[in-house]
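**Student:** Right, I'll just put the structure down here and ask away after.
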Amino acid sequence: MKGVLLVNLGSPDSPTPKDVKPYLDEFLMDERVIDVSKWLRNIIVRGIILQTRPKKSAEAYSKIWWEEGSPLVVISERFAEKVKQFVDMPVALGMRYGSMTIKNALQELKDKGVDDVLLVPLYPQYAMSSFETVVVKAIEDKDAFFPEMKLTTLPAFYKNQEYIKVLSESIADGLKDFDYDHILFSYHGIPERHIKKSDPTKFHCKIDGNCCSTNSVAHHSCYRHQCFDVTEKVKAYLGLPEDKVSLSFQSRLPNDPWLKPYTDFEFERFPKEGKKKLAVITPAFVSDCLETLEEIAMEGKHQFQEAGGEDYKHIPCLNDRDDWVQVMVNWLKDWQENELLPA
Ligand SMILES: C=CC1=C(C)c2cc3[nH]c(cc4nc(cc5[nH]c(cc1n2)c(C)c5CCC(=O)O)C(CCC(=O)O)=C4C)c(C)c3C=C
Ligand SMILES: [Fe+2]
Ligand SMILES: [Fe+2]
């Protein structure tokens, strides 16, 4: 029987340093997130980052935590529950990190008689630190514990027309009551090195040039290209003026060069250029989470206003919007009935 495994990133069990520390340990010790040799990763993560970050992160999580739990987890659960109402096969939800494991979700599917699984990483764009690590972990767990299962992966859906339509419509909804002079598409950052590592040609992605707008097979795994593409497609769909839209990358760690421009630098720059009414959207995430609710909706607003900005709005992610649920349902039915995957 066919079944579906939805996977998002995951969250700590509570917004306390005690629970944030093991969560960050699992996350940052992932070789696709901090991609250095194991001994160096140990020093960087356990010897440096985890000495101070859990307390700081726990404080940030406390600001956005809901009574029901982590927004990312609660929203993903609501989304999964809605999807289940419209599909005629088992659907399970797992997280790449934390206690809602992929293994448990696969077990849940197996207990319901599923032996043919569609894996859906809940990321619109491909990055080795997001999409790829979900796929690798799901395959590892399947091979180790459920070798009889068949696993198919739904590709990153950044350029899918239905996805672009619902994303655009969610943005149009957010802009209805907001008089903006600029719209910033802020994507989660990644180290530049990750882009080069994921380039199968090993020469296409130069990052500083116009590689991301020159056709190449490298774009199947080029996160930067895929972020540009989403921005361009939404811009075209909504007919947004060229000079009122730009893109940036948020949430970097110190030391390495990460994808630029940096979102926090943009918040400081815009008011000085007369862009004082800013709408921000965050299309690297399908669900609101720490990075959108705290870093963008709270910190970002503060940074923008401190720099002289006047009006500011973070437009929510797709979350459990009914039109987004229906897009997912259509993809799942296409696979269930015709073995088709979204293009
Ligand atoms: C090297 C570090 C990191 C990379 C690379 C990275 C890529 C990446 N992350 C997401 C999505 C999310 N990240 C979230 C939180 C978060 N990310 C990092 C580090 C890297 N992410 C850290 C240390 C944290 C934890 C919080 C903190 O201490 O700042 C979240 C939010 C989770 C939540 O519980 O709400 C998401 C979602 C993507 C899509 C991505 C690559 C494209
Ligand atoms: Fe992250
Ligand atoms: Fe590229």
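Residue numbering: from 1, along the chain as shown.
Placed from the backbone N, Cα and C atoms, the Cβ positions cover glycine too.
The annotation Fe(2+) binding site is assigned in TrEMBL to HIS188, GLU291.
I'm curious about the neighbourhood of these features; can you describe it?
**Tutor:** In the three-state DSSP scheme, HIS188 (Fe(2+) binding site) is classed as strand. With a cut-off of 8 Å between CB atoms and residues at least 6 apart in sequence, the same chain places SER130, PHE249, GLN250, SER251, ALA284, PHE285, GLU291 near HIS188 (Fe(2+) binding site), listed in sequence order.
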**Student:** Around GLU291 (Fe(2+) binding site), how many other CB atoms lie within 10 A of its CB?
**Tutor:** 21
**Student:** So, in DSSP terms, is GLU291 (Fe(2+) binding site) helix, strand, or coil?
**Tutor:** helix
